[in-house]
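Chemist: Relevant sequence annotations retrieved from TrEMBL are reproduced here:
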- 12-29: transmembrane segment (TRANSMEM)
- 295-312: transmembrane segment (TRANSMEM)
- 298-502: domain 'TM7S3/TM198-like' (DOMAIN)
- 319-341: transmembrane segment (TRANSMEM)
- 347-366: transmembrane segment (TRANSMEM)
- 373-393: transmembrane segment (TRANSMEM)
- 405-423: transmembrane segment (TRANSMEM)
- 430-451: transmembrane segment (TRANSMEM)
- 484-503: transmembrane segment (TRANSMEM)
Amino acid sequence: NMRTMSPTANLVLLSFLFSFVIFAVYLTLHRVMFSLGTFQNVSVPVNGTVHAVVSRIPADVSFLTLQFHTHHRNVTLSYTPIPLYGSSVTAADAGLLSTLTLSQTTVSWFLKTPDGSSAAGVGVILPYTSADPVPGACNQEFPLEIDPNIYLQYNLFETTITFAPANIGYGRGESPPACDVDTDSSTRWRLVYELYQYFLPEGDLSEQSLISSLERAANVQNMQDNGRKVVSLSSHDRTQFSFSSLPGQGVIFSVIVRDPVLNTSASYIPVHTYACSFNSTLDGCSDLGRVSSKVFFTVMGLAGLFVCFVGHRFFKCELFCMGFCFMAFIFFVLITTTTTLEYDIRLALTALMGVVGGVAMVMSWWRFGSVMACVLVVGLILGFLISSIAFFTPLGDIPIFHNDVVFWVVFACIMVFVPLFFIRWPREGNIITCGVVGGYAVVLAVNAYTYTSLSYITLDVLKRLLNHNFSRAFISVPLQDIDFIMITVWVVLGVSGIVMQLYREKSRPFFPPSPYVMWKQERERRKTNVLDPSHHKPSLSARILGRIRQLTQRTEPAGETTPLLF
């Protein structure tokens, strides 16, 4: 009974038990030797632990970083055989930093999975000298004392990364410089941080593609050569940034810290995301394309193709399609912000309200005959698309447009300017809208079946409407082969549709007359023109009643029906 034993005996017993556990763990270790700067494929067995070892470390190396990456499974990296709080990290992209003593030539780490399952990934150990900055050495937020990891969170709208501040380099056996005592150029406040993105091939969710991409982004030089620098910031800026989520698109984020005085740099542990879950049975990475979305956007694409080439010729059909888009967009924003309905239900209600909007627009033109009012709505749709394209470019990442007021004022000005510009040329403006908007509808239809970044032209604006925190996100997306193909298709469809309609309509009236207005004019003409035979015709109600009497009353014979012979 441990309660009746002396404290010394209890300590001895606990030490024995701990030693036994350590010994049992060592029996399950799988030793893997690493070489500095060389990628190593590593497999973690079921209920096993990998002992990662690197030896013959040069004397000029002051610290090492070990990074290990898997496709989507979490792994635990630790300094000890048994992971402890403050000495281990668990993630799909995990890393540890080890500082070296004066005579140290060997370093080891331990790798396992949290649930005891098997996992496979790739790891690399990178060496740094005393002149290089130390990533995460001024950490005050995360459990590790020195934390070189980038912490990533995502949702439907945005992906957020956070990292700990770095410190200036120091030699083996030296005490690290103080983090927050002074702010002059001899302290860590002189350091500069650079955020990089590396986009994986579009639509490629394979592990092989990820591993080969990580090899191009693991260290400073590779990321500079292959990645895209998003922003540079000083040590006084926040170490948290947001990016637009791109579900199904693989992205690697990395942070490089630079010492401008010594002209040295070091890399944090790169982290990747697909903005979707491989473990979810609902809305997972393997089920991004919903059937309802495919049906909706396929019909929309076919309607867009029709509008692109003959929209102005069939004016009522064009008005219905434009009214559908206008009302559907507004209603989807309203129903998403005010309810928690499932996506399929929201999409069905959006389609229903879109039909109502299309019918309402056609009926307003039929009843009132106001072409300019209809063209104004059509022009607003073109203005919305042009404004969205403008902010889809690097213009949208300018810091001033992260302010919601500035963004929406500029966006609205561009959107309203377009229909005002075409007031002088309403027919040309309407035909241009048919070509541009119709071509983009075809692009959205293609996006329902294969990923293309062009869908984010309007999707980023929709995200900003639905999520108030999205304004701080960087909205850069990759343009790859499929995107350039779709841009070409969009341009060809738009230009050919505009040219064809301008040629066909050059000898026709600018716009077809309203049927109701024509009927009223015809009725007035009949009332005033006594020479018109239709003036002497009975009214429509009288003709209907007469026809009913003919069908319901029996005609009596009038006697002799045989013709008389003369």
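Backbone N, Cα and C define each Cβ position, glycine as well.
Quick one: how deep are these features, and who are their neighbours?
Modeler: Outside the transmembrane segment (347-366) by six or more residues, the chain places 292-293, 296, 315-316, 319-328, 331-332, 335, 341, 373-374, 377, 514-516 with a CB less than 8 A from a CB of the stretch.
If one looks beyond the transmembrane segment (405-423) by at least 6 residues along the same chain, the residues whose Cβ comes under 8 Å of a Cβ in the stretch are 372, 375-376, 378-380, 382-384, 386-387, 390-391, 429-430, 432, 461, 464, 471.
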Chemist: For the transmembrane segment (295-312), which stretch among 319-341, 373-393, 430-451, 484-503 has the most Cβ pairs under 8 A?
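Modeler: Against the transmembrane segment (295-312), the leading stretch is 430-451.
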Chemist: Take a look at 319-341, 430-451, 484-503 and tell me which one has the most Cβ pairs under 8 Å to the transmembrane segment (373-393).
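Modeler: Most Cβ pairs under 8 Å with the transmembrane segment (373-393) come from 430-451.
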Chemist: Same chain only, please: residues at least 6 beyond the ends of the transmembrane segment (319-341) with a C-beta under 8 Å from a C-beta of the stretch. Say none if there are none.
Modeler: 303-304, 306-307, 311, 347, 349-351, 353-362, 365, 374, 377-378, 380-381, 433, 437, 462, 465-466
